[in-house]
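Look at TrEMBL and you will find A:7-78, A:92-164 tagged as domain 'Glycine transporter'. Per TrEMBL, transmembrane segment is recorded for A:6-23, A:30-51, A:57-79, A:118-137, A:149-169, A:175-194.
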Amino acid sequence: MDLQYPLELIGTFVFAISGALAVRDREHDIFGAGFTGFITAIGGGTLRDVLLGAYPLVWIGDVYFLYAIFAGVFTAFVFPKIMLKLRRTMFLFDTLGIGFFTVLGVEKSLSLGVRPEIAAIMGMFSAVMGGVIRDTLTNEIPILFRKEIYASACLVGAILYLVLNYFGLHRDVNLLISISVIISIRLVAVKYKLSLPRLD
Amino acid sequence: MDLQYPLELIGTFVFAISGALAVRDREHDIFGAGFTGFITAIGGGTLRDVLLGAYPLVWIGDVYFLYAIFAGVFTAFVFPKIMLKLRRTMFLFDTLGIGFFTVLGVEKSLSLGVRPEIAAIMGMFSAVMGGVIRDTLTNEIPILFRKEIYASACLVGAILYLVLNYFGLHRDVNLLISISVIISIRLVAVKYKLSLPRLD
Amino acid sequence: MDLQYPLELIGTFVFAISGALAVRDREHDIFGAGFTGFITAIGGGTLRDVLLGAYPLVWIGDVYFLYAIFAGVFTAFVFPKIMLKLRRTMFLFDTLGIGFFTVLGVEKSLSLGVRPEIAAIMGMFSAVMGGVIRDTLTNEIPILFRKEIYASACLVGAILYLVLNYFGLHRDVNLLISISVIISIRLVAVKYKLSLPRLD
């Protein structure tokens, strides 16, 4: 799949934009916004690779990821109004992003030889922990705890990928199905404001 | 000591229950509660091992720890009322847990060849940092900063273990004494609401 | 440069004092203050080395850093009034510290073979992330997001060091210039309350 590498860079770029814009309403200066975009873009994959001991980290070993982040932050700075008008588009990109990064994180973890249970968790972490770290640093309740079904959609997609993979489904088809399921769950959850039940 | 491995699993199970229940009064859904139980159970040991560069992490290398966490979260979900009635029992388990994980963290660190000063800190981290990470993610003041004597009891027990170990005390006796001291300090501190003095 | 090692220890000592004093007005007991001093002193370098996979961590491999931290926390405890009267001096020390640790972090990263773009980020992280982690744990808005020009001064100095290094400037001269630039930017920014613009 020759598309994987450019798609990863695009995903990183989009995550950096949404991270930088996430602080727009608050008191951060442009440095803080850039820093937040950076953390959002690299946080999930970095946590995954630190937990797995997979060095060098992706963005340290391949400088193009850094350039994708710079480009994203720069775009958020120069075209903030356009970006915010595109908020709905950005939401779609973010949703595509979490679907894509989840499955990619699962695959990377499997390739490092961990068990599927671990790979599922790592896939979810890849997609959502950048936002969680961003929210923690900026003193927000992390997205994980407040949004409609979000991380759990990633977990479901990760498990689905692993199951289909176990049954020998062709990788490209599997990618397509698993990512689509994550995206669909997320879109339906947001549209109908679906949440998981609480303990009580 | 053949009991060590099952005790570790039980400790992990108990930490996962208490982590999942910790968010009960708040707005988290069951996914958030499960995530919080997971972080509470693995956080301390994970931070210790990442700082020491000790890969693979315990719960990544041995899937039974993950199962212990799932079982703990599941128990918190299915029997929340029973678990909360057992709150006092849970507090005792948590106290046993921090005693046990402190000394275990000291031993693991020593086995990796670090100095005793470092091992003492790592022992304390093993016991308390899961709760600290959980509290940080959920925007609470970490337990470390608000509770009656907590982390400092672990630090005292860790140092005691190292001193007795230095003087050649038999490991089993040492374990028993050091863990008992941590538990006793904690129980007395909670019963009499003892805190360390503040700076002023 | 034989001064580097003692300067690192002094920097660590000063960061520990300022970290322990940072919580003075709040509800933390002396253990919490000590813990905060510890995190402030080691946080930045630890994050850098974990991201780079550079083990053992400095303070784990060389126990004198731990002693410098203990000495700093102890000083903050025993002489808090003197330390607070020295607040202005402490601010100067902190400013010297971030200048020094930035450039040192750049050099360490380069020596590990990473690209200059990464080294610049790692230099900044070395200087500021200890304070960011401290603020996150204590539920403050991290210094990075609220202060006058702070982390961005470090980033400018890091980039300057790399540029001058590229053009073959003698290391000692380069150190002097780059650190001076960081310190000057920071002092001028605080004196005139300069901030970077915000997005809007």
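Including glycine, each Cβ sits where the backbone N, Cα and C put it.
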Could you give me three numbers for the domain 'Glycine transporter' (A:7-78), the DSSP helix, strand and coil residue counts? 59 helix, 1 strand, 12 coil
Please spell out the DSSP helix, strand and coil residue counts for the domain 'Glycine transporter' (A:92-164). 60 helix, 0 strand, 13 coil
Considering every residue in the domain 'Glycine transporter' (A:7-78), what is the mean pLDDT value? 89
